[in-house]
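Enquirer: Submitted below is the structure of interest, expressed as structure tokens.
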Amino acid sequence: MEIAFTKMQGAGNDFVVLDQTADSYRLSPEQIRFLADRHFGVGADQVLCVRPAPSADLDFEYVIYNADGGEVQQCGNGARCFARFVRDKGLSDKDSLRVQTLAGPIVLQLGADGVTVDMGRPIFDPLQAPFTATGLQPQPEGTWQTWPLTREATGQETLLHVAVLSMGNPHAVLLVDDVDTAPVAELGPFIGNHHRFPERTNAGFLQILDPHHVRLRVYERGAGETLACGTGACAAVVAGVRMGYLTSPVQVQTRGGELSIAWSGLAADSVFMTGPATTVFEGRIQLPKTP
Ligand SMILES: N[C@H](CCC[C@H](N)C(=O)O)C(=O)O
């Protein structure tokens with residue numbers, strides 16, 4: 001089967017975007033992995049599908065697959081590209097779009113300085129991350145807390161203290177002195193695949209510069225380290241605000257660009273993310289038959 005696709009990126013987090021509003025085709029995990037493959041396919045961190053709204057109070061359905069082929073709840077950088085794609089393809093002329101994700105509805109606002117996404121409320125109950133805290137005591141970190149993950153390496157036992165929260169998808173946030181020297185390649189998979197995260201997790205490495213500016217690297221679940229992670233930026237800022245170290249709005253410097261995150265500090269309030277969304281190229285590709 002040959003399909004049309006659009007290659008997009010938001011702060012360097014890159015996507016294959018598929019218009020499935022008029023097509024009922026669905027892709028297997030193998031076909032998703034093929035599309036995301038940077039040698040044999042198009043290459044992307046995630047594959048995003050634009051589908052018709054499932055109900056009258058929504059504009060579209062927004063379906064997200066990681067490069068490993070797994071469907072996931074949320075993708076913030078992808079949401080901005082979704083809004084740009086829908087406008088550029090003439091699928092809607094609305095400036096504000098309400099789209100359904102696995103994590104629930106989110107609102108996308110097209111503006112002059114990029115796209116702003118209402119990412120919904122942060123979720124602090126570890127069980128809902130999900131994170132199994134059984135037998136663990138949270139440790140105080142500023143005005144909030146972190147959870148100690150034990151790591152045994154070269155016969156030595158060390159503790160990694162991570163903040164745990166959900167933006168619809170799971171996040172662990174580790175405070176570091178310098179993101180450039182943080183051992184992301186080593187600790188990212190350790191945290192991301194830790195047994196206390198039964199659905200795995202995204203692992204953020206957060207360097208605080210001042211109350212309104214941070215640097216962040218994220219080792220993403222199902223994709224590895226990406227140049228930016230939208231939900232990761234939201235989770236890192238929310239953790240920093242709860243710890244009392246950050247004050248909204250916060251500029252998040254990632255390896256792929258800058259994201260602006262705003263959150264009142266109230267658990268009932270949404271997190272808002274603003275950033276770029278760019279179309280790189282369009283194409284058509286022959287998909288391998290699903291085995
Ligand atoms: N890897 C994430 C999904 C994509 C998140 C990221 N690309 C973003 O912009 O939020 C997960 O498995 O939960």
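Just so you know, glycine gets a Cβ as well, placed from its N, Cα and C.
Computed from a predicted structure; not experimentally measured.
Pulled the feature table from TrEMBL, pasting it below:
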type: BINDING; residues: N13, Q46, N66, G76, N77, N169, N202, E220, R221, G230, T231; note: substrate binding site
type: ACT_SITE; residues: C75; note: active site
type: ACT_SITE; residues: C75; note: active site, proton donor
type: ACT_SITE; residues: C229; note: active site, proton acceptor
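Help me picture these features in the structure, burial and contacts included.
Expert: Long-range Cβ contacts of R221 (substrate binding site) within its own chain (separation 6+, distance under 8 Å): N66, V72, N169, P170, G192, R200, T201, N202.
Around C75 (active site), the same-chain residues at least 6 positions away in sequence with a Cβ under 8 Å from its Cβ are F15, Q46, L48, I64, N169, G230, T231.
Secondary structure from DSSP puts C75 (active site) in coil.
For the recorded site, C229 (active site, proton acceptor), the DSSP three-state label reads coil. Sequence-distant neighbours of C229 (active site, proton acceptor) (same chain, 6+ apart, CB under 8 A from its CB) are N13, G76, N77, N202, G204, L216, V218, E220, T254.
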Enquirer: In the same chain, which residues outside the set N13, Q46, N66, G76, N77, N169, N202, E220, R221, G230, T231 have their CB within 8 A of the centroid of the CB atoms that define the substrate site?
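Expert: Other same-chain residues near the substrate site: D45, V72, Q74, C75, G78, V218, A223, T226, C229, G232.
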Enquirer: CB neighbours of N13 (substrate binding site) within 10 A?
Expert: 31
Enquirer: Taking 10 A as the limit, how many CB atoms besides its own sit near the CB of T231 (substrate binding site)?
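Expert: Excluding its own Cβ, T231 (substrate binding site) sees 30 Cβ atoms within 10 Å.
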